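Trainee: Taken from Swiss-Prot, the feature GTP binding site covers 12-18, 40-42, Arg305, 331-333, 413-415, and the record attributes it to sequence analysis. Taken from Swiss-Prot, the feature active site, proton acceptor covers Asp13, and the record attributes it to sequence analysis. Here Swiss-Prot flags Asp13, Gly40 as Mg(2+) binding site, drawing on sequence analysis. Annotation comment: Swiss-Prot describes Asp13, Glu14, Gly15, Lys16, Asn38, Ala39, Gly40, His41, Thr130, Arg144, Gln224, Thr239, Arg303 as IMP binding site, evidence class sequence analysis. Taken from Swiss-Prot, the feature active site, proton donor applies to His41. The substrate binding site feature in Swiss-Prot is assigned to Thr299, Val300, Thr301, Asn302, Arg303, Val304, Arg305.
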Amino acid sequence: MASIVVVGLQWGDEGKGKIVDWLSVSADAVVRFQGGNNAGHTVVADGRVYKLSLLPTSVLRQNKLSMIGSGVALDPYALVREVDSLKDSGIFLDPDSLCLSESCPLVLSVHRDADSIMEEMRGNESIGTTCMGIGPCYEDKVGRRAIRLCDLLDETSLYDKVLCLLSYHNLLRRATNRREVTPHEIMDELTQIAPKVLPFMKPVPEIIVSLIKQGKTVLFEGAQGALLDIDHGTYPYVTSSNTVAGYVRVGCGVGALGDMRVLGLAKAYTTRVGNGPFATEQTGTVGDAMFERGREVGTVTNRVRRCGWFDAVSVRQAALSSGASEMVITKLDVLDTIDEIKVCTKYRCGEESYDYLPAASHIQNRLEPVYETLPGWRTSTLGAVSRSDLPENAVSYISRLEELVGVPVSLVSTGPERNHIVPMNP
C-alpha cells in the first residue's frame, strides 16, 4: 500500500486537519513530520470542534496509531496540555496509541523568550512569528546545542547539555538587558515534565518501516504550507522548517517509503497570517466576504487571516516543489455568494512578466497579479457530498484550477463537518 502525504500548497490553513481526519479512516497510522505547536488543525466531528496543534489528527479516530517524528519541534508542556484536553472529551492516549521520536528537539521557555526578543528587535521588519519558540528551537538543533527528548533519560548528562544551551541563550539575554536564566531553572522545567512524556518515547523510524513492510497504510501529516517552507517559501516571511512533501523522509527518519501518494491542499481562494508578500490580497468587500464566510481566524493564535483570490502561479510552484500527484480544493462554499471569481494566472513587475514566483523578496513585494475572471455560481455548495451536488459553474471553476496548476483535483471540501467532502473521481 502506498504511503499518503498531505501537505499545504499555500501559506497554511488549507484545511489539512479535516482531510487527514477523513483519510485516516482507511489508514493504520498517522505521522507528523515537521513544525511544532505553532500550527493548528481544526476538525469538526458530530458538531463538536477539536483544535489540535501538535498531535496528529488521527487521535480523534479509534484504533489509529499516532506518531510524532524527529522533524517536529516538540514543546513537552504543550503536548501534555493537549493530551489532557482530549481527556475532557473522552479521548485517552497511551503509549500504545501515541509515539514520540527519541530525537525530537524540545521547545523550552528560553526559546519562547528568544523568539519574542528577536521579533521585538526586528521592529517594523517583524516577520509575524507566533513567538512560540519554534524558530529558536530549530536554530539550536542546527547549532548542535538542542535538548532532545532522549536527553531526559539521564539527568547527569542533561545538566551538561543545559549548560551548553544557556551559554548561548544568556548571551542574547545579557545583550538585551534581560535576566539570565540559571541551569537549575531549566533542569526543573525538564525534570518536572520528563515523567509525563518519556513513556511515549519510541523508535518511530523502526515502527514506520515495520508497518510499511506489513502492507499497512501510513499517512504523513504536514503542517503550515509550501509557501512557508524555509527553502522554497516567501523568504524571510516563512516558518523555520521544510514544509514540502520531500521532508517526510528526513522528518521521520525513513528513507525507503516506497510509492508516495502526495495530496496538495489549497483553498478555493487564498489566505495568509502575518506579514509578507501576498499578490492577490483583497482588502475591500471581497476580502471581507471571504474573511466572514470562511471564519478566517487562526486556530492557535486567533490572529486574523488576510484573504485574496486564488493564485494559480504560486500554487503551481508549490505543487511542483512537493511533487503533488493530486490536489484537494477546500472551502469551496466560501465563494458561493460571489458573482465573478478571479484567478491569478501570471504576475507583472514593471516591464517584466512572470509565470513563476521569483525568489527575491524585493520583487515579490512589487508583483501585480494578472487575473482571469470566471463566473460564480450563486448557489449553496455547503455540505455537498457528490459531484452531482455541485453547480455547473463550480465544477468549471475546479476544472480551470486543475488546468492552471497542472494537477488533478481528487477531493473538494464543502463545509466544516468531516463528511462535507466531494470525491471528484469516485
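Cβ coordinates are placed from backbone N, Cα and C, and glycine is handled just like the others.
Let's see these features in context: how buried, what's close, how far.
Mentor: Reduced to three states, the DSSP call for Asp13 (active site, proton acceptor) is coil. In the shown protein chains, 28 other C-beta atoms lie within 10 A of the C-beta of Asp13 (active site, proton acceptor).
Under DSSP, Gly40 (Mg(2+) binding site) is assigned to coil, being neither helix nor strand in the three-state scheme.
Cβ neighbours within 10 Å of Arg305 (substrate binding site), excluding its own Cβ and spanning all shown chains: 19. DSSP assigns Arg305 (substrate binding site) to coil in the three-state reduction, outside any helix or strand.
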Trainee: In Å, rounded, how far does the Cα of Lys18 (GTP binding site) sit from the Cα of Arg303 (IMP binding site)?
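Mentor: Cα to Cα, Lys18 (GTP binding site) and Arg303 (IMP binding site) are separated by 20 Å.
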Trainee: In Å, how long is the longest CA to CA span across Asp13, Glu14, Gly15, Lys16, Asn38, Ala39, Gly40, His41, Thr130, Arg144, Gln224, Thr239, Arg303, which the record gives as the IMP binders?
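Mentor: Looking at Asp13, Glu14, Gly15, Lys16, Asn38, Ala39, Gly40, His41, Thr130, Arg144, Gln224, Thr239, Arg303 as a set, their Cα atoms extend up to 34 Å apart.
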Trainee: Of the recorded positions Asp13, Gly15, His41, Thr42, Leu332, which one has its Cα closest to the Cα of Arg303 (IMP binding site)?
Mentor: Asp13
Trainee: Would you say which of the binding-site residues Val304, Leu332 has the most Cβ atoms within 10 Å of its own Cβ?
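Mentor: Neighbour-count leader: Leu332.
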